[in-house]
Each structure stands twice: as C-alpha cells, then as structure tokens.
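According to Swiss-Prot, the protein carries these features:
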- K102: SUMO2 cross-link (CROSSLNK)
- K123: SUMO2 cross-link (CROSSLNK)
- K145: SUMO2 cross-link (CROSSLNK)
- K157: SUMO2 cross-link (CROSSLNK)
- K181: SUMO2 cross-link (CROSSLNK)
- K241: SUMO2 cross-link (CROSSLNK)
- K261: SUMO2 cross-link (CROSSLNK)
- K271: SUMO2 cross-link (CROSSLNK)
- K312: SUMO2 cross-link (CROSSLNK)
- K330: SUMO2 cross-link (CROSSLNK)
- K532: SUMO2 cross-link (CROSSLNK)
- K547: SUMO2 cross-link (CROSSLNK)
- 430-546: domain 'LTD' (DOMAIN)
- T399: O-linked glycosylation site (CARBOHYD)
- A2: N-acetylalanine (MOD_RES)
- T5: phosphothreonine (MOD_RES)
- T20: phosphothreonine (MOD_RES)
- S28: phosphoserine (MOD_RES)
- K111: N6-acetyllysine (MOD_RES)
- S200: phosphoserine (MOD_RES)
- S302: phosphoserine (MOD_RES)
- K330: N6-acetyllysine (MOD_RES)
- S375: phosphoserine (MOD_RES)
- R413: omega-N-methylarginine (MOD_RES)
- K483: N6-acetyllysine (MOD_RES)
- C583: cysteine methyl ester (MOD_RES)
- 1-31: region 'Disordered' (REGION)
- 70-81: region 'Linker 1' (REGION)
- 388-432: region 'Disordered' (REGION)
Amino acid sequence: MATATPVPPRMGSRAGGPTTPLSPTRLSRLQEKEELRELNDRLAVYIDKVRSLETENSALQLQVTEREEVRGRELTGLKALYETELADARRALDDTARERAKLQIELGKCKAEHDQLLLNYAKKESDLNGAQIKLREYEAALNSKDAALATALGDKKSLEGDLEDLKDQIAQLEASLAAAKKQLADETLLKVDLENRCQSLTEDLEFRKSMYEEEINETRRKHETRLVEVDSGRQIEYEYKLAQALHEMREQHDAQVRLYKEELEQTYHAKLENARLSSEMNTSTVNSAREELMESRMRIESLSSQLSNLQKESRACLERIQELEDLLAKEKDNSRRMLTDKEREMAEIRDQMQQQLNDYEQLLDVKLALDMEISAYRKLLEGEEERLKLSPSPSSRVTVSRASSSRSVRTTRGKRKRVDVEESEASSSVSISHSASATGNVCIEEIDVDGKFIRLKNTSEQDQPMGGWEMIRKIGDTSVSYKYTSRYVLKAGQTVTIWAANAGVTASPPTDLIWKNQNSWGTGEDVKVILKNSQGEEVAQRSTVFKTTIPEEEEEEEEAAGVVVEEELFHQQGTPRASNRSCAIM
C-alpha cells in the first residue's frame with residue numbers, strides 16, 4: 001500500500017534564528033520534493049480507488065454471473081413453462097375441437113329430436129282435432145241420450161203414476177177378493193148349514209114318513225077293525241078314498257119336499273154361481289192387473305236398464321273426454337317442457353360453444369403473444385451477439401404437440417462458472433383411437449390419457465344400483481380393479497368420475513369419487529377398462545390405443561401435429577461452446 005512521503009519542516013523566521021536566503025538549487029529540490037509528495041498522495045488515492053473498483057468489479061462480476069445463472073434458469077424454466085403451456089394449449093385446442101365436434105353432433109341430434117318433437121306435436125295436434133271431433137260427436141250423442149233420458153224419465157213418471165193407480169186397483173181388487181172369499185166362505189158355511197138342514201129334513205121326512213106309515217098302519221088297523229064293523233059295501237069306497245087321500249098327501253108332501261129342495265138347490269147354485277162369477281171376475285181382474293203390473297215392471301226395468309246404460313255410456317264418455325283432455329294437457333306440458341329443455345340445452349350448447357370459441361380466441365391471442373415474445377427474445381439475442389461479436393450457436397428446434405422429448409443438463413464448474421444445456425427433441429405424431437361398447441344402462445364415457453380419472457354415465461331413465469360392481473383397468477399384463485360400495489346408486493342420466501389419489505381433486509359424492517388406494521389409473525399404449533356387474537357379467541368396456549408414427553421430414557411436424565417454435569439460445573459473454581444444439585450461459 002502506498003504511503004505519503006513525510007515533508008521536512010520548513011525553516012523560517014519562526015525557527016528561532018535569522019533567515020538565510022535559499023539557493024536556487026535548494027528551492028528546486030524543495031519544489032520537486034513537494035511535487036513528488038503530491039504525486040505520491042495521488043498515487044495512493046488512485047491505488048485505493050483502483051482496489052475499491054476492483055473489489056466492486058469483483059462483486060459486480062459475481063452479481064453478473066449470478067444474474068446470468070438466474071437468467072439462464074429463468075430462460076430454461078420459461079422455455080419449459082412455454083412448452084407446457086403450449087402443450088396444454090394444443091391439448092385444449094384438441095379437446096375444444098373434439099368437444100365442438102361432439103357438440104355439433106349433439107346439436108344435430110337435438111335438431112333431429114326437435115324435428116321429431118315437431119312431428120309428434122303435429123301428430124298430437126291431429127289427434128287432438130280428431131279427439132275434439134269425437135268429443136263433439138259424443139256431446140251430440142250425449143245430448144240425444146239426455147233427451148231420450150228425459151223422455152224416459154217422463155215415461156217413467158207416467159208409468160209410476162199408472163203403477164200407483166194399478167196398485168190402488170190391485171188393493172181394491174184384493175179387498176174385493178177378500179170380501180168375495182169371505183162371502184164364499186159364508187156361502188160355503190151356509191151351504192153346509194143348508195146341507196145339514198136338508199139332511200136333517202130328509203131324516204125328519206124319513207122319520208115322519210116312517211111315523212106316517214106307522215100311523216097309516218095303525219089307522220089301517222083301526223080301519224080294519226072298524227071295517228069289520230062297517231059295512232063291507234062301503235069298505236072298498238073307504239079304502240079307495242083312503243088310498244087316494246094318502247096318495248094326495250104323499251104327492252103333496254113330495255111336491256113340497258121337491259119344491260123346497262129345488263128352491264134350496266137353486267139358491268145354492270145361484271149363490272155358488274155368483275160367488276164363482278165374482279171370483280172369476282176378481283181373478284181375471286187380478287190377473288190382468290198382475291199382467292199390467294208385470295208389463296209395467298218389465299217396462300220400468302227395461303227403461304231403468306236403458307237409463308243405467310245411458311248413464312254408464314255418459315259417464316264413460318265423460319271419463320274418456322276427461323282422460324283425453326288430461327292426456328292432451330299432459331302431452332302439451334311434456335311437449336312444452338321438452339321444447340323448453342331442448343331450447344335451454346341448445347342455449348347452453350351455444351353458450352358453451354361461444355365460451356369455447358372465446359377460450360380458443362384467448363389461446364390464439366396467448367399463442368400470438370408468445371410468438372411475439374419469442375421473436376423479441378430472438379432479436380434481442382441476435383443484437384447482443386452482434387454487439388459482442390459472438391458467433392451464433394446452432395438453433396434448436398422445439399416441437400410441442402404430443403412430442404416425446406429428452407433433455408440432459410450438464411454443469412461444468414470452471415473459472416467462469418458456465419452451464420451447458422443440451423437439448424434434443426424427437427418429434428413424433430401420435431394418434432389415439434377409442435373403442436367402446438355397452439350392453440347395459442351404464443357405459444364408460446371417458447378414460448383420461450394421463451391416468452387421472454375414469455368417467456361412467458347412466459344412459460337410461462332409471463336409477464342403477466351398483467353395489468358389488470367392479471371396474472378393471474388393464475395395461476398390458478398389469479391390471480387393477482375398483483369395487484363400488486354396496487349402497488352406491490348411479491342416478492338416471494348422471495355421470496360419476498372416479499379420480500386417482502394424486503389427481504388433486506376433492507371428493508364430491510355421488511358425482512366425484514376418490515380412489516385413495518391408487519395414486520394413478522396408469523398410462524400406456526394400450527389401455528382397456530372393463531365394467532362388470534355384481535354377477536361378474538361384463539356390461540361395458542372401453543379401450544384406448546396410442547399409435548406413434550415418426551414423420552420423414554422434421555419440417556412436416558408443424559403441419560401434421562402441432563406448432564413449431566424455433567428458439568435460439570446464445571452466450572452473452574465469453575466464447576460459445578462448440579456443441580450441437582447447446583448454449584453456454586455465464
């Protein structure tokens with residue numbers, strides 16, 4: 001370290017002695033000594049300044065080296081990030097295109113369903129018109145039936161009045177019949193009484209006749225005794241007169257008995273005939289009344305059956321009309337609801353398509369911005385190379401679109417702490433083919449190519465219990481199986497996604513399930529997933545096959561599989577490394 005040269009004390013008048021004039025040589029030496037001292041001080045200051053500058057330069061050089069390393073790492077990270085984002089963008093574009101195609105297919109299906117619904121609606125309208133015509137016919141028939149019913153009711157009322165009259169007549173006739181029966185009983189009793197009297201009279205007559213004969217005999221005996229006394233001349237006359245008198249008495253008595261008997265028989269026969277005639281008249285009247293009553297009852301029953309049939313037909317017509325109206329209202333509601341759902345789905349599809357188009361435009365904007373940034377970086381590096389007069393390193397081409405890449409980083413420590421990054425990109429075109437089949441209500445809708453999830457969907461309109469169901473994933477010779485819980489039910493039209501444990505998704509049953517025992521579903525060139533029910537029968541399967549083809553020329557990659565970005569990395573200070581596709585970063 002330089003130090004200042006001490007200056008000897010100057011002699012002057014203050015030294016305590018008389019001043020002596022200095023010689024010119026002494027003065028020149030003193031001046032030279034003063035100049036050397038000043039130069040020595042300046043040199044010391046300069047050396048200190050140089051040392052401080054060197055120290056600062058070393059610190060700045062270290063900062064520059066660290067900044068260069070950080071910049072290189074940031075550039076490498078930015079490149080990897082750009083590649084990842086570009087791959088994600090490409091994948092998103094592919095997904096968007098696939099989703100757009102799917103949405104277009106669904107839109108076509110929706111249009112076809114809409115046309116079919118319009119046809120069904122037109123058919124339902126024609127059915128409605130036919131039903132309305134039938135309804136009017138039924139109403140006309142119902143009106144005619146109502147008129148007939150009113151007429152039948154009027155006839156029924158009149159017949160009921162006639163029936164009441166006939167019932168009254170029947171009651172009267174029954175009363176007359178009872179009186180006739182009573183009279184007949186009385187006449188029968190009278191007949192019996194008369195017969196008894198006749199029998200008693202006959203017996204009395206016989207008794208009297210016997211007594212009369214006894215009297216005659218007694219008289220005859222008396223007359224014989226008298227005849228003995230009487231003259232024999234008058235005996236013949238007397239006997240003649242006696243016989244004549246007896247004969248007259250007998251005839252008179254027989255005539256009286258015959259007259260009395262004839263009178264009794266005539267009276268009996270007259271009363272019996274009157275009773276018989278009265279009974280016959282009453283019987284005929286009762287029979288006619290009964291016949292009229294039966295006819296009235298039959299007519300009333302027929303009218304009642306007709307009335308009940310008409311009422312049944314009327315109720316059936318009303319029920320049919322109500323059923324048709326309910327069915328028509330239900331069909332209208334279903335058609336309106338289906339049209340509303342389809343319109344809402346179409347609006348959602350349009351919104352999704354618009355959102356996807358917006359996302360696609362944003363991705364294009366991001367891609368253009370990244371291209372502009374890459375171009376700006378390239379121009380900046382070229383300007384730095386021209387300014388530093390560095391030879392440009394060979395450009396490395398990076399292909400991002402389903403490309404397999406391998407990267408090796410080699411770090412060499414030396415005097416300048418340089419890091420060499422070597423990249424090699426092997427571009428390839430990858431085609432993915434999917435095949436799926438299902439024999440039941442549940443199908444395998446999607447298999448994630450990264451092995452994060454598998455999605456199932458219930459395509460039916462009924463809930464599907466999946467207790468004991470098993471899903472098997474096969475990749476080559478390896479296979480894993482996932483079993484559903486006994487209470488799990490997949491709702492109608494619902495999808496369920498089974499995520500791997502490392503997918504970074506939280507469980508949200510019943511639509512999102514986490515397989516905690518499996519970190520990934522696995523990836524490979526040939527992935528096959530089989531769904532089996534609780535009986536072990538295969539109900540659905542889906543396979544994904546990756547086919548890799550290497551193009552003949554690397555320049556065709558941009559057109560066939562992705563976006564090609566040329567990226568040149570240059571060394572900003574020092575001599576560039578002479579390695580293929582490499583750059584040296586300070």
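Even glycines carry a Cβ here, placed using N, Cα and C.
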Residue among recorded sites K157, K181, K241 with Cα closest to the Cα of S375 (phosphoserine): K157
Cα-to-Cα gap, K271 (SUMO2 cross-link) vs K123 (SUMO2 cross-link), nearest whole Å: 88
Pairwise Cα distance for S302 (phosphoserine)/K157 (SUMO2 cross-link) [Å, integer]: 14
Residue counts (helix, strand, coil, in that order) that DSSP gives for the domain 'LTD' (430-546): 3 helix, 64 strand, 50 coil
Closest of K123, S200, K532 to K102 (SUMO2 cross-link), Cα positions, recorded positions only: K532
Cβ-Cβ neighbours of S200 (phosphoserine) (radius 10 Å): 11
Rounded Cα-Cα span from K312 (SUMO2 cross-link) to S28 (phosphoserine), Å: 154
Entry from the recorded positions list K111, K145, K157, K241, K261 having the most other CB atoms no farther than 10 A: K145
Rounded inter-Cα distance in Å - K123 (SUMO2 cross-link), K483 (N6-acetyllysine): 47
Between K312 (SUMO2 cross-link) and K145 (SUMO2 cross-link): CA-CA distance (Å): 11
Rounded to the nearest Å - Cα separation of K330 (SUMO2 cross-link) and K111 (N6-acetyllysine): 23
DSSP three-state assignment (helix, strand or coil) for K241 (SUMO2 cross-link): helix
